[in-house]
């Protein structure tokens, strides 16, 4: 009986930890993460204070923080080739990182670090030098900055069969030296690295290439981490939020279901299907059943996004900033529909897969610059600063904890729906106008469309909709309007 009780206690403790690792530890009524891809720490700190907090964002995913290899031309992917766990990159040093985390936490913006637990750098001719000046010989699996030697890695092999679990989890992903996470020593170095970030005040981690590591090894590592730092405003016994990169199209040997109990999982099917729909390759009417009926993970397990830093560079159905009208519609739907843990992308302009972030002649990352409307102008795209996107972050906050109701569609690519009696969204992806009375579910009054403008000094700078005593309002979205979406919520009532 004692053994059974002990086993049950351990089982419940493990379940409690994994459930806690699905909690993003957001402040109050905030619920959207933004990925400030390749931004400097000092710029993120300022963005938290001057833009993200006032606009109601909940957190920032930052690029990898630990020392990486220096690659010719400084492509973005060099950040994903670590050579030590020193906190020095082109985004800044440890002091600047710690300052950014503190300043963001102080205004209610949580920080989530993109971490590389699967591998170290790939092959490099001769001795490689990292962003902190550390030398390494990746071809010999020698990384003195950790230190790691060949005994800390799986034997070298290529992934040629993605249906072979051994190859997927023990061979080298695109030539990156594959760490052996079953080793006590390797585990200890990874836990030490993550715990240091927790000590500095981060709220959690995006785990790169999670499917290339055995779930039981990750479970051990996650379960060994410290609780979040209460000096940064986290409650006692709070666990780091974990979201794991697991690409699973439904026929993978290593599946997302192996990881979704350990933390949230990146729902790539969401990204692909939302892109397909808003590109016009699937009627929007079918989105009424969006979510698990589409084969997606349960809402609390799914990290959702229209695009990410990887798949925005691929061809196919995924939308990115280069199709702005469709991208804004898809993002509005993403943030309005009650499914998933939402993350929006903030990119820099690219012409090819390897384009580096905006940099000066000395290859230093440059700070974003803004025009009079607050949009970025010097190579940074900053989708999160597009009014149509940050306004929907406010919409998502306004409708939190409400259900989907009042669905309407025209049998094709015009849809609308309510979020309780707090918000209303309409979308027109047809080549003809949407013009009719629709149920907004809102209390009677005049509301500003937060897509086309804002509520300023009691007046709308864009469209407005008058809602009658029955909750109906006249909705017009022209086929040639600048935006194909309209959004109303209770915090934008005149």
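Including glycine, each Cβ sits where the backbone N, Cα and C put it.
Annotated chloride binding in Swiss-Prot involves 308, 343 plus, out of the candidates 165, 187, 206, 419, the residue 206.
Summary of the site annotation: Swiss-Prot records Ca(2+) binding at 169, 178, 212. Screening the candidates 105, 118, 281, 282 against this entry identifies 118 as the one listed for that site.
Cα spacing between residue 418 (disulfide bond) and residue 104 (disulfide bond): 33 Å, rounded to the nearest whole number. Looking only at other Cβ atoms within 10 Å, the busiest spot among the disulfide-bonded residues 157, 418, 441 turns out to be 418.
Note on proximity: of the recorded positions 104, 308, 441, 448, the one nearest residue 208 (active site, nucleophile) is 308, by Cα distance. In the three-state DSSP scheme, residue 104 (disulfide bond) falls into the helix class. Taking every pair among 206, 308, 343, the residues listed as contacting chloride, the largest Cα to Cα separation comes to 12 Å. Of all the Cβ atoms in the protein chains shown, 19 others lie within 10 Å of the Cβ of residue 460 (disulfide bond).
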